[in-house]
Amino acid sequence: MSNELTEIDEVVTSSQEEATQRDPVLDWFLTHCHLHKYPAKSTLIHAGEDATTLYYVIKGSVMVSSKDDEGKEMILTYLGAGQFFGEAGLFDEGSKRSAWVKTKTTCEIAEISYKKYRQLIQANPEILMFLTAQLARRLQNTSRQVTNLAFLDVAGRIAQTLMNLAKQPEAMTHPDGMQIKITRQEIGQMVGCSRETVGRIIKMLEDQNLIHAHGKTIVVYGAR
């Protein structure tokens, strides 16, 4: 287990990089968007509704999730500043939303209709590269997640999830690593296990001096 938190450094850090490396083309794109501010826990996308709009996170973070027929929620990912979402309908005209998207924190979101975005592509095809580059990285991350589900035990999945979260923009620098805020239930929804199991694994990681947990606050030692 001691290697699981140190060997996971290849996971997603793109949202941090993109948030601090704004490109002039991206700034041009944002001038054509409608900008909105949302409080935490606002629902931006409902699964099953028509897909007509592309979103871009300027500040804050959002949670992407799905629900089974019984209403049980599974957290698919968190997206932070510099990330697009709601793009599937852009390539599959007439499709319905397949997931729920809610703000995790207070957010500033840029929104643009698919029709307008396609017009921008005609004016400057480079704007499409921002989106396709992210989609390529997400596909890699999804492949990694599937591999983890197949080969890592639940303790390994939780350890990797904590390291992933420690690399998100809203994670706070701590003298011993990075500090995150997340509930046991949310972790369970991300890795596919019960809240009680998460609690036991968190305690085990603490005993191994890999993390420190107090309520929703978790310090991941050695993460930067």
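Here the Cβ of each residue, glycine as well, is placed from N, Cα and C on the backbone.
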Please find, within the list 173-179, 194-200, the residue stretch that Swiss-Prot describes as DNA-binding region.
194-200
Where Swiss-Prot places region 'Activating region 1 (AR1)' among the ranges 18-27, 168-177:
168-177
As a whole number of Å, the Cα atom of Thr77 (3',5'-cyclic AMP 1 binding site) is distant from the Cα atom of Lys116 (site 'Activating region 2 (AR2)') by 27
How big is the Cα-to-Cα gap, in Å, between Lys115 (N6-acetyllysine) and Gly71 (3',5'-cyclic AMP 1 binding site)?
33
Reported as an integer number of Å, what is the Cα distance between Glu111 (site 'Activating region 2 (AR2)') and Glu87 (3',5'-cyclic AMP 1 binding site)?
11
Between the C-alpha atoms of Gly71 (3',5'-cyclic AMP 1 binding site) and Lys116 (site 'Activating region 2 (AR2)'), the distance in angstrom, to the nearest integer, is 34
Glu87 (3',5'-cyclic AMP 1 binding site) versus Lys116 (site 'Activating region 2 (AR2)') - Cα distance in angstrom:
13
For the 3',5'-cyclic AMP 1 binding site, please report the maximum Cα-Cα distance among Gly71, Lys72, Glu73, Met74, Ile75, Leu76, Thr77, Gly86, Glu87, Ala88, Arg97, Ser98, Thr142, Ser143 in Å.
25
